[in-house]
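Remarks on the structure that follows.
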Amino acid sequence: MLLGFVSLLLAVFQDEIASKCIPENMAKKWIPCHYDKSTSKATSHLQISLFSNVGRRLLAEEVAASSCPTGKAPFVSVGVLHHLHYLIFILAIVHVVSCTVTVLLGEVKISQWRKWEESIRKQIDFNNDSNRIIDVRSLTFIKERFEGVDAEKRNYIMSFFKHLSGIVTKADYTAMRLGFILTHCNANQRFNFHKYMVYAYEADFQKVVSISWFLWIFVVISLTLNVASWNIYLWISIIPLILLLVVGTKLEQVITELAVYVAQRHTVIVGEVRIQPSDEYFWFSKPKFVLCLIHVILFLNSFGFAVFFWTLLKFGFHSCVMGEAKYVIVRIIVMVVVQTICSYSTLPLYAIVTQMGSSYNEEAMKRHGYVSSNRVTEDRILQGPNATTSVEMTNQ
C-alpha cells in the first residue's frame, strides 16, 4: 500500500517535478551514461531523452513542450518518472520476497535448536541439585567465551569469525536460556524458551518488511547520484555487508560479555550459574536498535537486487545504465553473500541474543500462554510456597 501511494504521488505531481530545470551543461554530466556529443540528443538520467520536447505520460499521452527556458533542461523528465513506476513495483516484489525467504531460512536454523530445548527439559529432574558446587572456569560456556581479563580485542576478533561461521553452541543456548528463565520466568525450568524465542522472532520481523520514510529518502538520493563512472550501486551494495558484519560481531560479543561478566566475578558458585540479562550490553542500551539496523540491511540489499532486475528488464545487461560487467558481477556476489549470512547467521543470532535484554516480548509471551514472573509470584503467595500455578501446569 505504501509503495502504491508513492507511485500515486509521482503520477499526481509529475508535471510539477518535470518542470524543475537545471543548467544544460550540468544535465549533460548528471547522467548514468556518458554524453554522446555526436548526436543531437542527450541521454537522460535513465537513458531517456532528457532534453526532448516530447515525453510520454503514464497513459501514453502526448505532453507539451518543455517549460524550461533556453540553456536549461528538466532535472527529471516525464519519461523518467514513467520508468520509476516500474522500479517501485519491482522493489515491492523483490523486498517482500527477499525478506520472506531470509526470515524463513533463519527459522530453519532456529528450528535446529529445538533438540537442545528438549534435551535440557528432559535433564531438569536429574540435575536439580541446588547445593552443588561449580567451578566457573571449568564450564563449557565460560571456557568457549572467556579468554582472560585482558582479552577484549581478541574477544572481538573471535566474535567476528564466530558470526561468519554462524556459531551458537549448546552451551551458549543453555546459558542464555537459564538467564532468561531466572530473570523473567521466576526460575520455572520447564518454560519452553525455544517456543517463546520463535514467537518473539516472528513478532519482530513483521516490522522488517515495511519500508520506512528515511529509506525512501535514501532511494531518492541514490537514484540522483547515479552518475556515469561513479558506480554508486556498487558502493550501495557494500554498505549492507559492512553493517551486517558489525551487527553480527556485536551480537556474538554480547554472548561473550555475558560469560566474561560471570567469569570475572565468580570462581566457585553454589547452585546454577546465573547469567544476568541487561540492556547495557547493547548499543544505546536498546536491543531493538539492532532490529532497526537489520531492517536497513535487508532493505538496502533488496534495493540492490531491485535496481539490477529493473535495469536488466528495461535497458538490458549490456546497457550503459547497467554499468561495467565486472562491477555488476561484484554487486551480485556481495548481495548474495549478504543474503546468505543474514539468513543463516545474523537473524538466528538476533533471535536469541536480544532475549538477553532487561525486558521480554509481551506479545510472544501471550502467544506462548505464559504470564510475567510477577503474576506467577503473586499466585504462589496466595496458594502457598508449594503450590504450582495453573499457568505453570499448562507450560509443563
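Cβ coordinates are placed from backbone N, Cα and C, and glycine is handled just like the others.
Automated prediction, rather than curation, is the source of TrEMBL annotations.
Taken from TrEMBL, the feature signal peptide applies to 1-19.
Residues or ranges marked as transmembrane segment by TrEMBL: 84-105 (among others).
The annotation transmembrane segment is assigned in TrEMBL to 205-224 (among others). If you look at the transmembrane segment (205-224), the same-chain residues 6 or more away from its ends with a CB under 8 A from one of its CBs are 2-3, 6, 45, 84, 91, 95-96, 99-100, 103, 232-233, 236, 291, 294-296, 298-300, 303, 347.
For 230-248 (among others), the entry in TrEMBL reads transmembrane segment. If one looks beyond the transmembrane segment (230-248) by at least 6 residues along the same chain, the residues whose Cβ comes under 8 Å of a Cβ in the stretch are 160, 163-164, 222, 290, 293-294, 296-298, 300-301, 303-304, 307-308, 323-324, 327, 330-331, 334-335, 337-338, 341-342, 345-346, 349-350.
Summarising the annotation, TrEMBL assigns transmembrane segment to 289-312 (among others). Within the chain, the transmembrane segment (289-312) has long-range Cβ neighbours (under 8 A, six or more residues past its boundaries) at 86-87, 90-91, 94-95, 98-99, 102, 204, 207-208, 210-212, 215, 218-219, 222, 233, 236-237, 239-240, 243-244, 247, 250-251, 282-283, 319, 321-322, 328, 331-332, 335, 338-339, 342, 346-347, 350, 354.
Outside the transmembrane segment (332-353), and at least 6 residues removed from its termini, the chain residues within Cβ reach (under 8 Å) are 98, 101-103, 105-106, 109-110, 113, 163-166, 168, 173, 176, 197-198, 200-201, 204-205, 237-238, 240-241, 244, 247-248, 251-252, 254-255, 290-291, 294, 297-298, 301, 304-305, 308. Per TrEMBL, transmembrane segment is recorded for 332-353 (among others).
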